[in-house]
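Data first, discussion second: the structure below is written as structure tokens.
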């Protein structure tokens, strides 16, 4: 899951970067790993960019770098990595200079990335500089657009190139692009998995209209845009400078199945996706969940419930409705620190557990001596849920009943949300009773899948609304090759090791590293953590970043076959001068 933004102004002297920067803060929840802005200025069509790892306030130095991004049109991106690594070089937007100079911001995931990489190497002869599938899609489009052989292109050429791109790419995506001196493009996969909306407003100059494309309507509303239109599945839009948008059906609509996890967890409550109000969806989930709770808990255990509490913040609307239906008091027992990252994206179990306690703080008087019914949006690995139950008990709760607005998550997400691998998912191969034991709850209640789909579909302007629900049942909306999940696990494993390496090095520098962190900082993350008493171990003094450390060397070497070599985390982007490559 990522956040994408594109802006084009009617006045060629105005600044698109200011609005894009504002919109990034409104969509920060969609990606906290990295962000970036690329703009195009007239005359000459020169492209400027600033991007890097971190949240928007860090990357843009609280807005001071926006002055370095001139231009009347531009792209913005917030990255939440699902494929590739966490390297700075993979911050978006991406850029290629041929043909014409193209920038891309991509939200989603391609599930045929290995085949695309082979095509680009063997047939298109285009160099891929990162492990990101977003760069693959950019280069596929660039290759197809290059087939025109023209010095200057028009919207027809772009749409034809996109048609050929769609025939090669498989997955879920919403993309925005910028072609130097030409205009903006936006397009969405033929299943409508990832969201995209366009809006307009009168230009500040009074002549013409400005346009914005974004992942969520809240960005358009807060930036003063109106007359919204969802980009339809398989549809594209091109906005040439000084012209009105041109819409075109790039590929036949294969379904209208937005990812239901947008409504469960990721989207802001004050947004509307594909005509469906997110907050009303979550209220509907509360009604359906309350029915399931009554059915599963039975009268005796239900009578014991003293209070209904949400796990802030996504489940608050649902919890209020659950309390109303159960005729129980509603109480916010946890206070959330809004400046902590989402815990399931942290690289290891220990960090996720610490992250939960840093993110949530229980108010003990609300728990003492009570049977509490907790309402959360979902349960992924169970790390967060287990810590929350433990904190509730430490705060004095007599019994803890844990309920989820989403059904059991049993399969990996493959369209741009990196929840976990299948083996890491708590509900994989476990019964409801076993799940309750793992997280330490007295009982666990999950939403039914059909009830979840109905809760969202009831609010849709379309009859027979469908959703992408593969994480709950393994039935994905697109075809999936047999070996894709092995490929996905490999990418996730690589990224996890990179993050472990970065954190180990930070721990060494700060003087808080344990023996394991020291070994990782020196030798990298072992591909296989096997140990043997027969191994000869010697202590080797070494120095990392000026600090003396002690590292373990096994059998006199670092076992090169079993060690993941360190990969650079601050690689500079080579395609454009990047203002964020140099601190100052």
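Glycine too: its Cβ is placed from the backbone N, Cα and C atoms.
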Residues flagged as region 'Disordered' in TrEMBL, choosing from 529-556, 557-584: 557-584
Cβ-centroid neighbours of Mg(2+) site 314, 376, 377, 8 Å, sequence order: 264, 265, 310, 311, 315, 318, 375, 378, 404, 405, 406
Rounded distance in angstrom between the Cα atoms of residue 377 (Mg(2+) binding site) and residue 2 (active site, nucleophile): 19
Residue pair residue 2 (active site, nucleophile), residue 376 (Mg(2+) binding site) - Cα distance, angstrom, rounded: 22
PLDDT averaged over every residue in the domain 'Glutamine amidotransferase type-2' (2-242): 94
Cβ contacts of residue 376 (Mg(2+) binding site) (under 8 Å, same chain, 6 or more positions away): 310, 311, 315, 384, 385, 388, 402, 403, 404, 405
